[in-house]
Amino acid sequence: MAEGTIFLQMTGVSKHFPGVRALHGITFDVRAGEVHGLVGENGAGKSTLMGVASGSLVATEGEVRIAGEPVQGDPERARDLGLSIVHQEPALMPDLSVAENLYLGLPKKLRPPPSNLNGWARKLLKHWSEDVAIDPRAHVTTLNAEQRFIVEIVKALECEPKVLVLDEPTEHLATEDVERLFERVRRVTERGASVVYISHRIREVQMIADRLTVLRDGEGQGTFDAKELNEDQIVSLIVGGDLDRSFPDKAESGDHPVVLSTSGFSGPGFSNVSLEVRAGEILGLAGISDNGQVEFMRSLAGIYRGAGRVTLAGKDISIRNSQEAKRHGISYLPGDRHREGIFGELSVRENFSIRSSRADVRSGLISSGSERSRTNKAIRQFAVKTPHQETPIGSLSGGNQQKVVLSSVLSAEPRVLLVDEPTQGVDVGARAEIYRILRETARSGVAIIVVSSDAQEVAGLSDNVAIFSRGRVVEVLSGDRVTEDNITSSVLKSTEQRDKHHRSVGAFWKWAAGNSAPLLMVAAAILLLGTVAGIWNPFYVSPRSVTGMMTFAATLALVGYGQQLLMMVGGIDLSVGPLMGLCQVVASFFLLSDAGLGTQLAGWVLLILVALTVGLINWILVDGLRMHPMVATLATFMGVQAISLILRPTPAGMIDGKIMIALGTKIGIVPVTFIIAVLVAIVLEFVLYKRSIGVSMRGLGSRPEAARTAGIRPKLTRLIAYLGCSLFAGIAAITMIAQVGIGDPRAGLSFTLGSIAAIVIGGASLFGGRGSFIGALLGAIFIVQVNSVTVFLGLSQEWQQYLLGALILLSVAIYSKSREKVVQA
Amino acid sequence: MTNTATPLNNRGGDAGESRLKAAIFNEFSWIWGGTILLFVVCAIVAPGVIKPGAINTMLPFAAILAITAVGMTIVIQQRGLDMSLPGTMTLSGLLFAKIGFLTDSTLLAVPATLLIAVVIGSVNGLLVARVNITPIVTTLATNAILLGAVRTISGGSYMTAPEELAAFSHSRVAGIPTTVILAVLFIIVVSLVTKRSVAGRRFVAVGANPAAATAAGIPILRYQVATYAVAALCYAVAGMLFTGYIGTASHIAGNDYLLPAIAAVVVGGTPFSGGRGSVIASGIAALFMTLLGQMVLALGADTSVQLLVQALAIIIAVTIRYLPQLFLFFR
């Protein structure tokens with residue numbers, strides 16, 4: 001590869017999000033064998049630019065070429081052409097193992113045969129470090145941030161990329177791993193490939209980069225030779241001098257009373273913090289992210305539980321939850337606006353008034369007049385750009401959303417205002433506005449605490465600044481010492497590394513959260529119940545009774561497989577029950593003893609076709625018309641049932657005796673249908689864990705965005721799941737023919753609930769990504785067993801229902817609890 | 001921001017107009033037009049359906065469906081789905097008859113039944129909000145348990161409804177069936193509370209974004225549990241009225257109400273994404289679905305065709321609301 005080859009070429013790239021211009025006419029190129037630093041503040045557009053390069057975002061304007069080939073919005077192709085990206089937030093699928101994530105993360109031609117992924121993955125992880133402490137079999141949910149990041153880097157390096165993009169790679173790494181990373185980066189460039197290194201740590205970039213490009217507020221500030229510029233020059237390019245950002249004057253000195261103070265306050269991620277904030281004052285909390293400053297603030301807001309002394313205006317208070325914080329007059333403006341700040345679908349008016357609805361109450365009810373005029377006032381005062389009050393807040397730009405949330409928080413007239421990242425995702429114009437509002441609020445006597453990862457912002461806004469490192473306050477700056485330089489140097493000096501930490505989890509919960517635990521638990525329950533019932537009443541384990549149970553279990557298991565297939569990708573099908581009825585009704589017109597072989601054959605084909613058609617309709621309703629899966633399949637539930645009833649208003653059409661006998665064949669005491677069900681479960685389970693399509697399905701259910709990045713086609717995969725689900729309902733209907741023997745339109749109805757119950761007991765998650773066909777089989781066996789055991793134990797029939805309900809609740813409660821317990825961070 | 005936002009300072013008449021537009025042409029207004037249209041269609045193709053006598057027989061059933069739909073609406077506003085409707089409704093009808101006969105006092109039977117319903121709903125709510133079991137699984141399981149209880153109490157047979165209740169269910173005030181008045185009252189009260197009270201605003205916020213509600217200092221657990229409790233209360237009232245109207249407390253009364261109740265909510269326009277919703281729209285949709293069913297029957301079709309038409313109504317209702325987005329997308 002010749003020197004000077006350009007691997008990545010971006011020309012005139014712009015990217016607009018609703019209301020925000022994230023990138024504007026950026027030109028960026030990466031040469032073979034270089035490390036190209038990409039620097040800028042938070043929100044400057046670095047990650048967006050690389051999102052466009054990798055195809056996960058589509059540029060509004062401009063062209064992207066990788067290795068000379070134009071690419072637009074196609075992650076898989078970008079990866080095939082040699083672009084590999086390590087995200088700040090790893091794009092991993094949480095319910096899949098480390099090995100499976102590595103497998104899906106590689107281009108198809110580099111993937112090993114999926115039979116021994118764990119051994120292969122262990123080898124890959126060893127390439128990173130010989131003593132790596134990551135178990136390839138572990139679910140990604142159980143890894144901490146650092147481990148997840150290492151998996152992501154290993155994945156990217158293994159692609160042998162032409163262009164490796166590292167997005168803030170050192171944020172999550174311990175010192176020795178940072179050195180390891182630099183060594184890997186050099187090895188990548190030695191073989192002629194190139195690296196894009198995104199970071200806001202200038203020193204790091206200077207150490208490793210050959211050239212660097214500076215972004216500011218979505219605009220390119222030029223590309224330079226790294227050696228040409230010194231640190232100060234880079235800084236001034238990044239912040240654009242002090243012209244762009246003006247901050248309001250600080251508080252006048254004077255003796256203001258202390259409003260809020262903590263002493264020896266500890267909580268998750270921070271310990272022994274003693275700080276105070278006075279009326280009219282803004283206290284800034286600075287530090288590299290994840291050093292406890294946000295957690296400290298959230299504990300004051302009552303979202304996390306903190307321990308220690310907190311006093312408000314001299315009185316000790318306790319903050320056990322967010323209502324209590326609010327009652328004390330402590331209001332919180334969350335940093336993650338989309339998750340915690342706005343109610344996206346609700347109007348600007350509702351978003352504004354929710355934190356202070358009481359102000360609008362006139363004789364018990366909210367007066368819309370008062371609410372409207374208050375909202376209007378806020379819109380004017382905060383210069384919110386919105387078509388009108390009833391516009392859903394989600395359609396406003398980031399800055400306007402933030403202003404609405406800020407105005408809403410302030411309308412509750414807090415004594416203490418906690419602000420997390422006041423200007424994140426806010427365009428430049430709105431920033432100055434927000435700074436002014438915060439300062440004016442302080443001047444009116446409110447005590448304000450601000451967390452920001454932007455040192456300039458903290459410096460410009462705060463009267464005092466506390467520097468957090470590893471959960472402790474290491475320094476407090478005040479007066480003239482509050483400058484960006486002091487903050488930055490203090491932050492960088494104090495946090496040179498972070499400890500490796502991992503939350504310990506009880507062995508039982510760890511086991512219970514694994515894939516095999518539900519199987520073992522249900523299997524044990526089956527054996528236990530069988531033994532007890534067998535001792536109580538020996539007829540229970542008689543061949544006749546066992547055969548009967550197996551016959552029913554086979555049908556339930558087969559339809560359960562279908563439901564499981566769909567739930568694996570996050571869907572649900574309520575229509576399987578009526579569909580089984582319809583298939584059976586169709587059969588009752590063709591599979592008759594006086595019908596010829598041709599007619600019978602047509603019957604079988606039609607039965608399968610009917611099933612597939614319903615599956616296709618469900619998929620069209622969900623993926624095409626974007627209906628909620630439950631609404632869509634409820635509609636098909638009713639439609640399919642109606643067709644059954646129209647075809648057979650009452651049960652009729654005796655099925656050919658020969659077919660019945662064939663379907664009832666037994667080997668020893670075991671019905672053939674049961675043997676088939678067991679074999680199918682084993683095959684499906686094998687595919688699910690050992691074949692690309694199975695792993696892809698679980699990945700899609702686990703986290704659709706990550707799956708898309710890994711090149712999984714969501715629509716196609718869901719189509720397969722919907723067709724598969726209905727196909728299995730059809731097959732289950734065939735086994736049901738032998739039990740019903742006549743075209744009964746209502747015969748299948750109970751299988752909707754039954755199939756969901758079976759797989760849920762077998763360990764499936766309704767959110768997708770988790771589940772097992774063996775589990776579905778065991779769940780089905782267990783349900784049939786519980787139903788028949790009541791008879792043999794002489795319990796009245798209602799016990800079937802009591803036991804079924806209780807067992808579903810118990811098993812799901814255990815699974816949900818255990819999966820919650822092992823989640824890291 | 002290409003073509004959406006009107007400039008900021010263009011308030012006054014324009015803002016008032018657009019606010020009016022937003023209030024009238026939202027996803028909940030479709031059902032009004034649809035229902036009026038349906039009445040017109042009925043007048044043409046099946047005039048028998050909208051004769052006073054026919055309407056009078058139909059209204060109580062529409063009213064009972066509307067009350068169940070109110071309960072279902074608020075659960076869906078909390079991103080849930082309540083599959084325990086049949087169990088709760090049936091059990092309430094039976095309990096009411098049983099307690100009524102045991103104590104010989106309707107006055108005691110009503111609060112006792114409602115109290116039990118609230119307990120059932122609270123258990124659902126706690127399992128969903130506290131134990132973190134998905135709503136559909138929780139309520140499917142509790143429904144199984146409730147149906148077990150129905151069997152235990154009824155022994156699998158019918159029970160005559162107390163005289164007083166039967167009389168109440170059939171009574172009229174100023175010529176309007178009491179059930180209808182009750183349903184309208186229910187809808188008005190629940191709508192007023194969700195739209196115009198502090199608690200209702202918070203309820204909507206919790207449904208729209210529980211994490212943001214927590215950050216805003218709203219006790220979300222309380223609202224989530226109360227939602228299921230109020231929903232159960234609705235089903236219980238519907239169950240009692242149904243028992244009274246039919247004259248017997250049946251062990252299968254609620255089975256035929258689950259799908260229509262969900263269908264009414266969907267047709268009414270309450271989305272499954274949480275937060276927004278309209279019990280009024282659901283109530284009107286209950287009337288729409290009942291009338292639609294009657295029309296289909298009057299045209300000589302079977303109950304099965306009725307089911308098919310209802311399924312189509314759901315699909316059309318959802319698709320119609322999605323059309324403007326499709327249109328915008330292609331513009």
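Placed from the backbone N, Cα and C atoms, the Cβ positions cover glycine too.
So that you can see what the record holds, here are the features copied from TrEMBL:
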DOMAIN    A:8-242  domain 'ABC transporter'
DOMAIN    A:255-495  domain 'ABC transporter'
TRANSMEM  A:519-539  transmembrane segment
TRANSMEM  A:545-562  transmembrane segment
TRANSMEM  A:604-622  transmembrane segment
TRANSMEM  A:629-647  transmembrane segment
TRANSMEM  A:667-688  transmembrane segment
TRANSMEM  A:719-742  transmembrane segment
TRANSMEM  A:748-767  transmembrane segment
TRANSMEM  A:774-793  transmembrane segment
TRANSMEM  A:799-816  transmembrane segment
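Counting only same-chain residues 6+ beyond the ends of the transmembrane segment (A:719-742), those with a CB under 8 A from a CB of the stretch are 551-552, 554-556, 558-559, 561-563, 565-566, 568-569, 571, 573, 576, 579-581, 583-584, 587-588, 591, 607-608, 610-612, 614-616, 618-619, 622-623, 651-655, 659-660, 663-664, 673, 677, 693, 697, 748, 751. Under 8 Å from some Cβ of the transmembrane segment (A:667-688) lie the Cβ atoms of residues 543, 546-547, 550-551, 553-555, 557-558, 561, 565, 568, 694-695, 697-698, 735, 738, 772-774, 776-777, all in the same chain and six or more residues away from its ends. The transmembrane segment (A:604-622) is in contact with the transmembrane segment (A:629-647), judged by 3+ CB-CB distances under 8 Å for residue pairs 6 or more apart in sequence. Sequence-distant neighbours of the transmembrane segment (A:799-816) (same chain, 6+ residues past either end, Cβ-Cβ under 8 Å): 512, 518, 521-522, 757, 760-761, 763, 765, 782-783, 786-787, 790.
The average pLDDT for the domain 'ABC transporter' (A:255-495) in the predicted structure is 88. Listed as Cβ neighbours of the transmembrane segment (A:748-767) (distance under 8 Å, sequence separation of 6 or more from its ends, same chain) are residues 95, 515, 517-519, 522, 555-557, 559-560, 562-564, 567-568, 570, 572, 574-584, 637, 641, 701, 729, 732-733, 736, 774-780, 782-783, 804, 807-808, 811-812, 815, 819.
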